[in-house]
Amino acid sequence: MRTLFSLALLLSSSLASAASLDYLGPKGTYSDQAAQLYAAQSGLKVGQALPTITAVSVAVATGQSQYGLIPNENSVGAFVTETSGLLAKGDPGWRIVGELALPISNTLLVKPGTPASAVKTIISHPQPFKQSAGYLAKTFPNVARQEVASTAAAAEAVSKGDGTTAAISAPAAAGVYGLEVLAADIQDDKTNATSFWAVQRAGQAFPAKLPNRVVVMLDAPAASPALGELVSGLRALGFTARNVQSWPLGGGLGGYRFVLGFDSAYGYPFDRVERTVSGTQKALLLGAWRKN
């Protein structure tokens with residue numbers, strides 16, 4: 001009995017001391033599901049569900065949150081608009097230290113007993129509308145659409161509605177909000193997935209010693225050779241560019257802020273990666289981690 005009691009105390013103490021991971025809420029969203037999975041895999045505990053991606057970003061950047069989980073890219077809907085908007089402004093005050101790819105299963109939820117013929121409005125976040133565009137055009141061509149802040153907010157609105165609305169949400173939202181599945185897996189691309197970044201406050205050490213994923217922010221004025229130098233330098237370490245975002249710097253044509261993602265089959269020692277990036281003018285190492 002004493003041994004079991006000691007083990008319980010040890011487990012309780014370990015959980016209490018674990019760093020927390022805050023995320024985009026509310027409960028029943030894909031972000032909620034991703035936070036549960038990432039926390040379990042990384043030894044963190046699930047923290048607060050915050051109302052927006054910007055709120056997660058600010059909480060981590062100011063030290064209010066130890067870690068945050070931020071949706072970055074969807075395989076169908078491309079980059080997440082709010083996250084891209086944060087990066088377009090420059091250094092967000094956090095660094096990427098991990099990643100989770102979550103398979104997306106879009107589910108059409110209604111109040112129990114609601115037939116498809118009764119649905120007059122479909123509610124969801126903008127991303128699921130993009131991901132399920134073909135299904136909606138074929139099955140609900142004349143039904144109105146209403147965009148809200150999250151898939152869980154859509155499910156909550158349906159739960160409080162008059163029975164003429166449906167929500168495109170994560171499957172977990174059905175149980176959270178007492179809804180019924182009208183149709184499952186309605187995404188057009190069955191390989192649909194969303195990438196989430198795990199971020200920590202800037203100024204802390206990157207934990208990965210042999211990263212195989214790198215993200216760099218680069219401000220390249222017109223005619224600057226920096227972009228070519230950065231890509232060539234990382235290519236020499238075995239990294240290839242996998243995606244890129246860009247926004248005009250202003251002050252004339254030709255200057256851009258880039259956020260570039262690189263990956264490598266094997267990885268490379270962190271100090272060499274850091275030196276390569278810091279040796280490029282106006283380049284910032286935004287993320288470095290090892291993806292298994």
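Glycine residues also receive a Cβ, built from the backbone N, Cα and C atoms like all the rest.
Remember, TrEMBL labels are computer predictions, not curated facts.
Bear in mind that the values here come from a model prediction, so they are computed numbers and not experimental data.
According to TrEMBL, the feature domain 'Prephenate dehydratase' maps to 20-201. Summarising the annotation, TrEMBL assigns signal peptide to 1-18. According to TrEMBL, the feature site 'Essential for prephenate dehydratase activity' maps to Thr194.
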Helix, strand or coil at Thr194 (site 'Essential for prephenate dehydratase activity'), per DSSP? strand
What mean pLDDT score does the domain 'Prephenate dehydratase' (20-201) have in the model? 96
